[in-house]
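Worksheet: one structure, shown below.
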């Protein structure tokens, strides 16, 4: 039997070039300015500044809308600057707000990892350990304060998912420099080649993306080793036309959004190959219903 060589292709994702601030960008800037002005006003008038936002850390604030996890309820978290336990977190939140402000002014973006490295000096000043989780949690709170998920604010998750099969994802917007459609993902190549799922998918609206594929079946594989084994054994040819993808364990936001985008656009069956234990079932449910982190 001839050995099959599996390759992970690299892709260059073209940025969307826009010259003017959009209404959503302007709204984000105004919200940040409002938070800063209110905070300074409280300090000036001798009132202890507070920050209140939706409590995303409890399932009591969650409901199922058409079997999809949605934020609901009225429970809020309040940070009081008079409380020493809240001061460091508030300081980190405002540092992140300044970073988001500059990202939106410059129409740029950062990955969560890049943002973490930018925060190292601030974490040290605030006597926090250099932890990605601390920055991620504060960034989630920033998103709740601004009523926008981090991906809309310009902070993208680092994607580690892979996809194989005949699939094309492009933006409905044109590149203003070349006037060509912007290709976000294109896997039209050899059947045994897999491609990384670009993190940019998490920041783009589903309405702005166009999916093209002849696939009649989508197979989600929990583990990378099983995914590679299926490719090596010719599963794509056997079930052709189909698309296979893996989140390589717990799926990141970009991988989950790609699955949702494919399902919404193609309306084809989606099967999940996971371990028959609680952890595997949990991963399958995250693909199907979402998670608290994604609210």
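In case you wondered, yes, glycine gets a Cβ from its N, Cα and C as well.
Those TrEMBL annotations? Automatic predictions, nothing curated.
Residue environment of residue 117 (active site, O-(5'-phospho-DNA)-tyrosine intermediate) contains 13 other Cβ atoms, counted within 10 Å of its Cβ in all protein chains. Sequence annotations record features per position, and here TrEMBL assigns active site, O-(5'-phospho-DNA)-tyrosine intermediate to 117.
Helix, strand and coil residue tallies for the domain 'Spo11/DNA topoisomerase VI subunit A N-terminal' (88-155), in that order: 50 helix, 3 strand, 15 coil [DSSP]. Here TrEMBL flags 88-155 as domain 'Spo11/DNA topoisomerase VI subunit A N-terminal'.
Summarising the annotation, TrEMBL assigns domain 'Topoisomerase 6 subunit A/Spo11 TOPRIM' to 218-292.
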